[in-house]
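Participant: Sending over a structure as structure tokens; questions will come in a sec.
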Amino acid sequence: MSSIKPVEWLGDRLMIIDQTRLPQHEIYLELADVHQVAEAIKSLKVRGAPSIGVAAAYGIALGAQQIETQDLEEFRKAYKNVSAEIAATRPTARNLFMAVERMDDIVGRAPDVISAKDRLAAEAEKIHDAEIESTRLIAQNGAALIRDGDTILTHCNTGPLATTGSGTALGVIIEAFRQGKKIEVLATETRPLCQGARLTAWELRREHVPFRLITDSMAGHFMKGARVDMVVVGADRIARNGDTANKIGTYSIAVLAHENGIPFYIAAPSTTFDQRIATGDEIVIEERSPDEVTHLYGKRTAPEGIEVCNPAFDVTPANYITGFITENGILKS
Ligand SMILES: CSC[C@H]1O[C@H](OP(=O)(O)O)[C@H](O)[C@@H]1O
């Protein structure tokens with residue numbers, strides 16, 4: 001199966017797969033400036049912590065390319081708006097801010113405008129290459145945990161679309177399947193935006209991995225009575241103590257796994273770990289539009305004029321996490 005390229009740098013444009021159109025339509029968009037990249041991140045046309053970080057880096061490089069002055073101080077002043085626009089897109093995924101910080105550092109140290117622009121593009125490609133390599137190693141390290149005959153439950157989407165590489169949790173699963181292990185996957189649909197039903201199902205079908213799609217509310221039913229051997233999910237930000245922010249619904253699945261004695265793993269690259277925060281209490285949880293809850297595929301399902309909550313993530317305390325699958329190996333929680 002040909003590898004998916006959710007993000008591709010064209011030197012003066014950024015090509016992405018519009019993930020909001022999948023699985024019905026595989027639409028590629030060429031983003032021509034930082035505003036289009038920022039909008040694509042905000043609207044989840046490109047999504048998934050590692051993919052967000054990569055797109056953020058290219059978006060900043062693209063925006064900097066289009067700053068016309070050759071005066072370094074004027075360039076740095078205009079650059080701040082480019083960086084700020086990307087930083088304001090989504091607050092939770094650590095990878096985005098890792099990219100912004102590395103790009104800001106490049107501009108702060110560049111001796112002139114031409115060097116700054118060249119180094120920004122090169123740094124974005126370095127960030128991209130690193131995420132591809134990290135997820136390749138995560139897939140290998142994690143596949144070793146999966147046994148022949150296992151049923152693995154996963155939540156949201158953490159495959160090539162979400163990472164630009166092999167995937168994190170889904171990369172682990174796909175690699176185990178490619179190694180010949182007879183596995184089955186239970187993939188949750190992941191309301192409200194259905195990344196599981198739309199994207200994980202699309203990726204697993206492309207790879208011919210046996211899976212069944214379930215609603216989020218079915219997770220406990222299948223974990224009860226040892227019908228699930230392992231849970232593996234992704235992450236958006238991991239605090240120093242191991243508390244982990246991931247797609248809304250992850251905390252509930254972690255508690256259910258703990259209750260049923262099922263190992264619960266987080267798969268994530270080191271770029272998702274945030275050493276600056278001590279616990280998950282410090283993680284900003286993105287609150288998204290109520291329309292994502294009151295509408296399904298654009299059709300209104302709930303009455304108008306009601307109060308709605310739509311946190312995009314929740315935080316799983318470290319004590320519910322068996323271990324972290326990273327490019328450097330398995331870290332015990
Ligand atoms: C390897 S992707 C990590 C993470 O990103 C997803 O969130 P979103 O679809 O809102 O970008 C989800 O939380 C995945 O687990």
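Cβ atoms here come from the backbone N, Cα and C positions, even for glycine.
Okay, so TrEMBL annotates it like this:
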- Asp236: active site, proton donor (ACT_SITE)
- Arg47, Gly48, Ala49, Arg90, Gln195, Asn246, Lys247: substrate binding site (BINDING)
- Cys156: site 'Transition state stabilizer' (SITE)
Participant: Please state how far apart, in Å and to a whole number, the two most distant Cα atoms are among Arg47, Gly48, Ala49, Arg90, Gln195, Asn246, Lys247, the recorded substrate-binding residues.
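Facilitator: Greatest Cα separation within the listed binding residues comes to 17 Å.
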Participant: Sequence order is fine: just name those recorded positions in Arg47, Ala49, Gln195, Asp236 with a Cα within 10 angstroms of Cys156 (site 'Transition state stabilizer').
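Facilitator: Of everything listed, what lies within 10 Å of Cys156 (site 'Transition state stabilizer') (Cα to Cα) is Gln195.
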Participant: Round to the nearest Å and give the CA-to-CA distance linking Asp236 (active site, proton donor) with Asn246 (substrate binding site).
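Facilitator: Just about 5 Å between their Cα atoms.
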Participant: Cβ within 8 angstroms of the Cβ centroid of Arg47, Gly48, Ala49, Arg90, Gln195, Asn246, Lys247: which residues besides those meet this for the substrate site?
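Facilitator: Close Cβ neighbours, site residues excluded: Ile52, Ala93, Cys156, Asn157, Thr158, Ala162, Gly234, Asp236, Ala312, Phe313.
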